[in-house]
Amino acid sequence: MDIQWYPGHMDKAQKEVQSKLKQVDVVIELADARIPRSSRNPLLETIIQDKPSVIVLTKADLADPKVTEEWKQYYRDQGIEAVDVDSKHKKGLHVIKEAALQQTERLQARWKRKGIKPRAIRAMIIGIPNVGKSTLINQWIGKKTAKIGDRPGITKNQQWLKMGKEMDLLDTPGILWPKFEDPYVGERLAATGAIKDELLDLQDIAYFIIGICQEYYPEKLLQRFGLEDKPRETSLEWFEDIGRKRGALLAGAEIDYEKAGEMVVREFRGGLLGRISLERPDDEISE
Ligand code: G4P
């Protein structure tokens, strides 16, 4: 994560988002499909208030598809439309526009009632750093989309991207911070690479990833690391077997935890362990 968040930066980011919000009809909020809860901004609901919004679960190619469906249902149960996308392979992008337009149906009906001439719906993307905002915008607009000029009363230098005739998208996304001071959240953000590596102990993050795999995806660990299928009680046993199998050893055949940890984290982030979700809607979280 390139941005270091300090109170001053957070304040500035929030004001920037609020000023962009005034120009749009609908907010497209991105969250990482592997950690939808942890990758959302804690204040976003307060900031956007009752503006129509859609949650887009990004990097769905890396998340457990079954759990992603559970998350979408979880949000829909709260009256929030949620869709999932895989920008890397351009999958699911078409549904974002449909979902966003659907959220503005009431607004469009109001225009009609008042005899206001319909115009393209204005949308903006919001998300924490590294959630996939630029990738999604680039893949979504493709090469066909022409930039359209500044509009009266709208911040200069800001461009609108034409998404067909029904929607214009603000070309610069809103960036907000995650709730990284919360250890539950910090651990998950770190595992996905949303926090700078220098700030973390990769061994701890590897333990965390192994712990989740041990509980939900033991077969993925067995397969990826070619481990023997035998009972293992603790994450440490898994960790050590992985280290041994991969030759992450110090003098005297002692496990090189640092090296093994770095390997597990890197392979998880690259999707090499398979599709893994690190949080679920029914996880117990202490407030
Ligand atoms: P941001 O604008 O929100 O900060 O995020 P950005 O699009 O830069 O994406 C952050 C990282 O996430 C990038 O990887 C990007 O390739 C990856 N990413 C974005 N969307 C997807 C997706 O749908 N699936 C997968 N698997 N990855 C995705 P990077 O390693 O930082 O950069 P790069 O080496 O890919 O260029």
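From the backbone N, Cα and C atoms, a Cβ is placed for every residue, glycine too.
So that you can see what the record holds, here are the features copied from TrEMBL:
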type: BINDING; residues: N130, V131, G132, K133, S134, T135, G174; note: GTP binding site
type: DOMAIN; residues: 15-178; note: domain 'CP-type G'
Position of peak Cβ density within 10 Å, selected from the binding-site residues N130, S134, T135: N130
Residues near K133 (GTP binding site) in space but at least six apart in sequence (CB under 8 A): L30, I125, G127, P173, I175
Cβ atoms near V131 (GTP binding site) (within 10 Å, other residues, all chains): 29
Sequence-ordered binding-site residues from V131, S134, T135, G174 with Cβ under 6 Å of an atom of ligand 1: V131, S134, T135
Helix, strand or coil at T135 (GTP binding site) [DSSP, three-state]: helix
Any further residue of that chain within 8 Å (Cβ to the Cβ centroid of N130, V131, G132, K133, S134, T135, G174) of the recorded GTP site: L30, T58, I125, G127, P129, L136, I137, P173
Nonlocal residues around G174 (GTP binding site), in sequence order (Cβ under 8 Å, 6 or more apart): A13, E16, V17, K20, L21, M124, I125, I126, G127
Per-residue pLDDT averaged over the domain 'CP-type G' (15-178), given as an integer: 90
Conformational class of G174 (GTP binding site) under the three-state DSSP mapping: strand
Most distant Cα pair in Å, residues N130, V131, G132, K133, S134, T135, G174 binding GTP: 14
Which same-chain residues, if any, lie at least 6 apart from G132 (GTP binding site) yet have Cβ under 8 Å of it: L30, D32, T58, K59, S87
